[in-house]
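A.B. asks: Here's the feature list from TrEMBL:
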TRANSMEM  B:14-35  transmembrane segment
TRANSMEM  B:41-64  transmembrane segment
TRANSMEM  B:95-116  transmembrane segment
TRANSMEM  B:123-150  transmembrane segment
TRANSMEM  B:170-191  transmembrane segment
TRANSMEM  B:219-242  transmembrane segment
TRANSMEM  B:299-318  transmembrane segment
């Protein structure tokens with residue numbers, strides 16, 4: 001913010017330099033690297049995957065994946081910007097699915113009750129995480145690993161106790177199916193629309209409402225943020241509740257899409273969401289990142305993950321690309337940050 | 001509170017000791033487990049040995065303030081390397097063993113260099129190598145052998161050293177675990193390298209200013225952890241006469257949990273080898289010992305989660321007590 005002000009204030013000597021400055025400014029945005037990565041990956045698979053990848057079935061395959069991960073990646077990204085982590089989402093997703101399936105499928109209660117119960121699970125786990133993180137000096141990685149194991153055990157134990165098996169099915173009503181589990185045009189999950197709504201809401205939260213600055217401040221320097229009057233404790237709890245809620249939302253919508261809930265689902269979301277966020281330019285140590293970047297990161301991840309099936313390449317090589325992309329992303333972010341820091345000092349002279 | 005006892009409860013392994021006793025007491029009280037059958041059983045000790053060998057170097061990394069999650073991919077990588085080299089290509093078993101260990105060293109070097117050369121947190125770096133090694137092993141084994149599972153017939157001496165069952169049930173890897181625990185204990189608590197590791201985890205900049213070669217030390221620790229993971233995978237392949245590409249992912253969280261239950265602070269600078277040893281033992285009792293109880297095994301994850309949170313909260317409290325205790329003494 002301050003950089004842009006300074007550049008505007010300085011008398012622009014020539015058009016060429018101001019364009020240079022604008023490009024430099026764009027390059028230093030958190031999402032610049034991830035946009036370049038997204039374009040490169042899309043071009044790569046468009047060339048290798050050909051017409052099938054560029055047909056609507058191709059788009060559907062990676063957009064469906066992107067939507068589910070993306071809804072979780074958004075709050076994880078916000079938490080990471082605030083300097084925290086949440087591993088427990090891997091257990092919240094199946095916990096919410098099974099809550100819906102047990103409440104509405106096994107006990108036959110109305111669907112809204114099941115959906116609310118499922119979402120409530122996420123909010124409860126989130127507020128628990130936030131409370132423990134605030135009250136102790138324990139790193140949130142450890143706290144949320146603990147709650148992950150706890151929620152996993154509760155889910156498994158209660159599901160077997162109540163339903164007698166590790167999978168519970170649910171036949172959704174027409175309305176429930178239309179809102180949460182529909183395939184638009186026969187292939188695009190309605191979750192994509194929900195993802196866009198989540199993106200809009202998170203964009204407002206981080207970049208327009210004053211809470212966004214609070215989150216960035218919290219990740220930049222927690223003590224100073226608190227001294228500046230930001231209610232850091234309440235903000236932390238709210239962010240954890242947000243990530244619990246979003247994970248639960250994905251779990252709930254999965255039940256309506258796949259019509260059944262499994263105990264062992266969601267583990268892959270833990271690392272996948274972190275990778276999306278990091279590829280999207282969020283710095284794990286907190287204080288920098290953007291919602292647009294997280295969206296780009298999610299799309300990049302999903303394209304690599306699914307696009308590889310449209311090429312003749314061994315699908316397993318996809319994970320090498322993702323690993324390389326991740327390392328490349330963090331290293332360029334590292335470079336960009338250093339450049340940005342050194343740029344600011346030069347201006348001061 | 002006498003001095004000796006007071007000193008003991010401030011040791012990092014005190015919490016681990018307490019958790020271990022508490023879990024067994026819980027199983028005896030509520031699960032109707034008989035101690036003789038539990039302590040005679042091999043399943044959980046075998047589990048503890050495999051986990052413990054990985055937990056030792058990862059624990060040292062955590063004391064040094066770093067993290068390594070690429071071990072989740074290194075375990076299948078180690079077992080696939082030896083199976084492909086000595087099983088599929090029929091090379092001598094020594095080549096397979098060295099190949100598996102060399103792969104571990106290579107990945108460790110990559111992790112270490114990236115951790116030293118960039119300011120990226122090691123969690124993210126090793127997440128990248130985790131995914132990349134996973135893909136490499138999967139694609140490599142399918143490309144080279146055409147299958148996701150490769151058989152391996154190790155000669156008798158290799159079986160004896162790495163993959164034997166003692167008394168028909170105890171894996172020989174338990175002895176490796178004991179030996180490595182002693183070696184790591186010596187390195188961390190009796191050699192200057194141990195002090196270096198603590199110093200690095202306490203304050204890396206001060207440690208470097210004090211002349212400690214922090215970069216080399218960090219790389220060495222990353223090499224140790226991925227080689228140890230590769231070693232566990234290799235022993236598994238020799239023992240079970242085949243290697244699988246899947247598996248190993250559970251180790252990531254299991255090791256972190258057992259190390260933290262063992263009293264190591266994730267933020268670095270505090271911990272002990274005895275604690276890490278007891279942490280792995282405790283984790284194994286919870287997750288495998290539950291089969292000896294009347295408790296439904298599905299609840300074991302809940303117990304692990306509660307135990308982890310209880311352990312960190314307790315460690316937190318003890319640290320606060322210890323912190324407050326010291327200034328009083330100096331007065």
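For all residues, glycine too, the Cβ spot is worked out from N, Cα and C.
Please treat TrEMBL annotations as automatic predictions, because they have not gone through curation.
The model shown is predicted, which means the values in this text are computed figures rather than measured ones.
Are these features on the surface or tucked inside, and what touches them?
C.D. replies: Sequence-distant contacts of the transmembrane segment (B:95-116) (same chain, at least 6 residues past either end, Cβ-Cβ under 8 Å): 66, 68, 70, 74, 77-79, 81-83, 85-87, 122, 125-126, 129, 133, 152, 158, 162, 215, 218-231, 233-234.
If one looks beyond the transmembrane segment (B:299-318) by at least 6 residues along the same chain, the residues whose Cβ comes under 8 Å of a Cβ in the stretch are 9-10, 12, 14-16, 18-19, 23, 26, 257, 260-261, 263, 265, 282-283, 286-287, 290.
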A.B. asks: Who are the chain neighbours of the transmembrane segment (B:219-242) in space, where the CB to CB distance is under 8 Å and they lie at least 6 residues beyond its ends?
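C.D. replies: Residues packing against the transmembrane segment (B:219-242) from afar: 50, 53-54, 56-58, 60-61, 64, 66, 68, 70-71, 74-83, 87, 96-97, 100-101, 103-105, 107-109, 111-113, 115-116, 149-154, 158-159, 162-165, 171-173, 176, 180, 197, 248, 251.
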A.B. asks: Output the single range from B:14-35, B:123-150, B:170-191 maximising the number of Cβ pairs under 8 Å to the transmembrane segment (B:41-64).
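C.D. replies: Per the Cβ count, the answer is B:170-191.
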